[in-house]
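The feature transmembrane segment is assigned by TrEMBL to 41-62, 74-94, 114-134, 155-182, 188-209, 221-243, 255-278.
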Amino acid sequence: MAVASTFIHNNLELMNRNTATSVNPTNKLVNMHITAHGSDWLWAAFSVFLLLTIIHLLLFLYGLLKRPGLKNSLLVLPLFTNAVFSVGYFTYASNLGYAWQAVEFHHAGTGLRQIFYAKFIAWFVGWPAVLALYEIVTSTVLDRIEENPNIFKKFFLIFQTWLVKFIFVEIYVLGLLIGSIIFSTYKFGYFTFAVFFQLLLMVWVGRDLHKSFRSPSHSNIANFFLIFYYLVWILYPVAWGLSEGGNVIQPDSEAVFYGILDLITFGLMPTILIFFAMKGCDEEFFSKLWQYHVKAESEAIQENEKIVAETPSTEAGVVDAEVENEAHV
């Protein structure tokens, strides 16, 4: 009990020492901005991201020393996303990385509202890594590789699918960012673009998820986590509509809303899914893949040689024809 009370006391003391909003005060023209309470929550979210970054870094370094291989390389994805959001939320909690815009609607207040572009930058950088992890967990392109070992075609299909998702998600983020710094109702035009490409992306991921459920080599538990994430994903446009779009909630409430969504999306989900990705990962995959490819090429060469051997030679046919003509003469 004494240890627990000491820990709580120390944490409360740290929160009371949070001077981010006073050291980095918001521009005096801005009416609606985060307060020390909002900054406290953002520092808590930053601490979670930083803790996950350290854990993934230690696991990666341990694997690099003890068992370097394909499984260890997968740890780069959650390490990257958590590192990016550690920087993003450090900026957010420090009351930095923001602009301001006059509000069109006056539900939560009037005047100028603080818009944190730092979180949009973190989304823009972090989303592709998350989608790459989803691709690893759900893609069935490399299933039954021994039946069709055309590795170049298969990896091209994987890259093509990820590239399409990458384009969709970046347009989605840009739509929300641009819409947040526009005063007029035209902001909802960009919001519509963002939601449209988000829906396309969800359909694309859902298609892979459907195939993954039908594949015996994929984890249904990981797939169910992705279904849960669909509910989280839908809440991002809701959060934008209540904050930057409709000015319904205060920036502190906005910080809590986005913070929970980001912790799930970029912190917890990559950490959970990487476990299933590593569990189903075959360290000998690439060597087997190359063996299948070489075997397929050798079989193709043998087949071609067989066809050539069975085909009558053109030169031999010409010589035979000349001999017959001379005999007739």
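Every residue, even glycine, has its Cβ placed from backbone N, Cα and C.
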Cβ-Cβ under 8 Å with the transmembrane segment (221-243): same-chain residues at least 6 beyond its ends: 134, 137-138, 176, 179-180, 191, 194-195, 198, 202, 205-206, 209, 212-213, 249, 251, 253-254, 257-258, 261, 264-265, 269, 272-273, 276-277
Could you tell me whether the transmembrane segment (255-278) and the transmembrane segment (74-94) are in contact, taking contact to mean 3+ Cβ pairs under 8 Å with a sequence separation of 6 or more? yes
Sequence-remote contacts (6 or more beyond its ends) of the transmembrane segment (114-134), Cβ cut-off under 8 Å? 26, 30, 32-34, 77-78, 80-81, 84-85, 87-89, 91-92, 96-101, 162, 165-166, 169-170, 173-174, 176-177, 180-181, 205, 208, 226, 244, 251, 258, 262, 265-266, 269-270, 273-274, 277
Per the Cβ filter (under 8 Å) with a sequence gap of at least 6 from its ends, the transmembrane segment (188-209) is approached by 131, 134-135, 138-140, 161, 164-165, 168-169, 171-176, 178-179, 182, 223, 226-227, 230, 233, 236-237, 240-241, 245
Taking residues 6+ outside the transmembrane segment (255-278), which of them lie with a CB under 8 Å of any CB in it? 34, 38, 41-42, 45, 48-49, 52, 56, 71, 74-75, 77-78, 81-82, 84-85, 89, 92, 119, 122, 126, 129-130, 133-134, 136-137, 219, 221-222, 225-226, 229, 232-233, 235-236, 239, 242-243, 249
